[in-house]
Ligand SMILES: [Zn+2]
Ligand SMILES: [Zn+2]
């Protein structure tokens, strides 16, 4: 039986969902399936002989494109910020929506999520929240995954964090009051912590999110996947590319965007939006006292200023596009050496390890405004 978490909000496993879909339910009207496949055939693969009727409403992809069936609604959940800065590949399916179960009475949304630490949970949260919010207005919603322990629990924990402004720990504790064995995997717990630090939203402009996105790309690279250049940042040196992605932010309040230019030829090579900040001195050698010039080793001084900035991979970085593990970063216009990149990481002069790292030496670039 599903566990009741809040009014009109239940958590369960695949067997709870199968039962509700097969027999219909007086209690549940909406289902959010969080399984490795969005297809209803997942249920018949799990238990042979189980056939659940469905009628597609629509499928929505990360890049914002819809393929719609009959009777579709018109929400636009994926296009929030163009989907360009999401960590998910633009052609990936974000969710599917369908009528399902006995007499096609249920509304089922399915999101493709595996129970793996490296899985990007954050980028599915908004669409899940929208569905849960909308469903609860109409009737009880069951959020389920395979075991009802990790994925569904992570999504409900995030939902409670956002709606009740609870810390990750408090939200999980509160969920455990309803269902004691919930236990999101460690990767999901880390992401829920980021969600908390971003103020209960998935803010693609936040340094926290940018670091997360870079880490996701690094994991893809390490698994041997080719990183499509569509996932790289737009080249800020090309005004056509910059206008679509950066204009929106740079025009707010007429604040000019700081830009980094090649010292030799003045070509713009990065804008502030591309910079992935790190905490100076948080690396392994930050405990190395000899590196510090000030007297008291317990006072963190500003003297460990970083000699480089680190950016997201950008479309002018040809060596990166070609798939190299590491190499020089040269100016796209004059070929002057600007820095270095390494998918396994580079140590900044402040001691922090940045992984993966796309580094521009401050001595090779000038900062100005666009
Ligand atoms: Zn640094
Ligand atoms: Zn140059």
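Glycine too: its Cβ is placed from the backbone N, Cα and C atoms.
Per TrEMBL, active site, phosphocysteine intermediate is recorded for 145. The Cβ of residue 145 (active site, phosphocysteine intermediate) lies under 8 Å from the Cβ of 13, 14, 33, 34, 35, 113, 115, 151, 152, 153, each on the same chain and at least six residues away in sequence.
The domain 'Tyrosine-protein phosphatase' annotation in TrEMBL covers 1-201.
For 122-177, the entry in TrEMBL reads domain 'Tyrosine specific protein phosphatases'. Residues in the domain 'Tyrosine specific protein phosphatases' (122-177) partition by DSSP class (helix H, G, I; strand E, B; coil) as 41 helix, 4 strand, 11 coil.
The region 'Disordered' annotation in TrEMBL covers 66-85.
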Next item on the list: Can you check how the pLDDT averages out over the domain 'Tyrosine-protein phosphatase' (1-201)?
Entry: 91
